[in-house]
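Working notes, structure below.
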Amino acid sequence: MSYDLIVIGTGPGGYVCAIRAAQLGLQVAVVEKRKTHGGTCLNVGCIPSKALLHASHAFEDANTHFDKLGISVGTPKMDVKKMQAFKQEGVDGNTKGVEFLLKKNKVDVFFGLGRIAAAGQVEVTADDGTNQVLQTKNIVIATGSDVARLPGVEIDEKVVVSSTGALELESVPKRLVVIGAGVIGLELGSVWRRLGSEVIVVEYLDRILPGMDGDVAKNFQRMLGKQGFQFKLGSKVTKVEKKGKGATLTVEPAAGGASETIEADVVLVAIGRVPYTQGLGLDEIGVQKDAKGRIQTDAHFSTNVTGIYAIGDVIAGPMLAHKAEDEGVAVAEILAGKAGHVNYDVIPGVVYTAPEVASVGKTEEELKAAGIAYNVGKFPFMANGRAKSIGLTEGFVKILADAATDKVLGVHIVGANAGELIHEAVIAMEFGGSSEDIARSCHAHPTLAEAVKEAAMAVEKRAIHM
Ligand code: FAD
Ligand code: NAI
């Protein structure tokens with residue numbers, strides 16, 4: 001049996017690619033080395049982290065906000081084991097859902113490690129060591145990414161953990177030290193802080209969330225500080241020594257200088273992720289990678305070897321599930337003779353903390369660096385009726401529009417439900433819309449989305465409620 005397409009890896013990039021290709025009539029197989037589908041995202045990433053963020057948020061609400069609403073529930077207690085079972089239920093529901101969808105779309109599934117023996121040949125080695133070689137016209141590599149390691153720091157997933165271990169903790173650490181103030185550090189730091197941990201974040205740069213709009217990051221850091229997060233910015237960890245049940249970190253200024261030590265019960269290493277290509281046999285067949293180890297692809301996701309394509313975290317671009325999914329759809333469509341395409345200018349990014357942070361398009365820093373003249377429209381949730389009525393007034397919406405054409409170039413939100421609100425900006429930008437377009441679209445009252453409309457009106461200094 002020869003396939004039209006074999007996809008290696010069934011994360012959001014791979015399984016979506018396989019399903020789309022099957023919808024378009026291709027004969028498709030997938031190869032997955034885990035026992036379940038869904039990759040990093042469903043098993044140890046997006047899905048379990050959001051379950052813990054949800055549970056810990058509900059706990060904190062009960063602890064700190066219910067009283068103001070007139071609700072008394074006594075002192076809430078957290079049963080971490082039960083919370084972890086809730087998380088697992090969500091993970092299982094999702095991974096089984098993917099299994100069902102692959103079956104429904106008649107995609108053949110091979111569990112085992114995939115290696116590209118040659119263009120058109122994928123060797124699958126199952127856990128029990130049995131081997132088979134599958135023939136195919138095309139191969140899509142969707143093998144994702146792995147945790148970036150700090151040299152000299154061993155991750156044991158108990159005391160020194162990656163995101164995977166931080167999602168599995170069996171009790172609330174008294175003190176959690178997070179290395180890296182990126183998305184993982186702030187999301188998982190939030191989970192354990194809400195449940196009672198003292199959280200100290202050590203970040204190499206002099207700001208949190210590099211890549212996000214600086215104004216948003218600065219304000220968000222202040223909000224996290226009010227919640228109890230402690231930040232050591234411009235600092236590097238030079239040593240992590242395991243001691244008894246915890247660890248001692250040696251930290252010094254990034255630019256060098258006197259060091260200090262910090263004791264921790266758990267250390268979370270969250271300094272980024274790296275592309276994962278181990279065992280694929282890429283060097284043997286000559287597939288080119290860049291200096292960061294990412295598989296190099298052209299505008300059609302093709303590698304330098306004919307018939308071999310790559311998508312998702314293993315190639316350049318933001319390491320996000322929806323980016324991987326869109327690339328999966330695009331490459332499947334290209335392979336079926338259609339015009340698959342991803343608009344990299346309009347990929348939203350969301351940090352699922354409370355408040356949430358969401359962003360799409362260019363930041364002010366990027367526009368300045370590119371010499372593009374822009375107008376800013378900013379509207380605070382403090383002036384939004386719905387936000388006031390539910391006591392969620394932190395944050396703002398900021399719209400950056402081209403000074404000459406009014407085209408929306410970037411939207412940055414920090415505030416409740418920012419991760420949902422951002423999508424009206426995504427749609428506007430996908431259609432090449434202007435701030436005027438958003439400002440003149442009727443928004444239901446009372447909604448948080450009205451803050452987006454008012455920010456658009458503020459671009460021309462005509463917001464009503466400010
Ligand atoms: P992956 O999901 O990594 O899947 C790759 C698959 O390939 C894996 O199942 C792996 O087992 C398999 N594989 C690898 N090599 C082989 C081989 N040789 N043979 C067979 N199979 C192989 N992104 C978001 O957009 N939103 C979020 O909220 C979010 N939260 C995250 C939270 C955490 C804690 C982490 C770690 C990541 C999060 N991400 C989030 C990022 C997201 O998980 C990734 O961007 C996404 O999973 C990438 O998809 P992918 O298909 O490229 O790779
Ligand atoms: P990240 O790239 O978001 O942040 C890493 C942080 O660590 C940066 O601030 C960086 O400056 C800092 N850093 C790097 N080396 C350091 C060192 N030696 N000492 C101190 N600080 C150091 O990476 P993160 O948080 O690990 O997440 C990995 C990927 O997973 C991200 O690319 C993200 O896109 C994805 N992800 C997405 C989520 C979402 O969409 N909500 C949630 C979680 C992860």
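Glycine residues also receive a Cβ, built from the backbone N, Cα and C atoms like all the rest.
TrEMBL: automatically predicted annotations, no manual curation.
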NAD(+) binding in TrEMBL involves G180, A181, G182, V183, I184, G185, L186, E187, E203; of G272, G279, G281, G286, the partner in that site is G272
Grouping DSSP H, G, I as helix and E, B as strand, the residues of the domain 'Pyridine nucleotide-disulphide oxidoreductase dimerisation' (347-456) number 41 helix, 33 strand, 36 coil
The rounded CA-CA distance in Å from C46 (disulfide bond) to M319 (FAD binding site) is 12
Around the Cβ of G182 (NAD(+) binding site), other Cβ atoms found within 10 Å total 22
The largest Cα to Cα distance in Å among the residues K50, G114, T143, G144, S145, D313, M319, L320, A321, H322, listed in the record as binding FAD, is 30
Over the domain 'Pyridine nucleotide-disulphide oxidoreductase dimerisation' (347-456) the mean pLDDT stands at 98
With the fewest other Cβ atoms within 10 Å, the residue among the recorded positions K50, H445 is H445
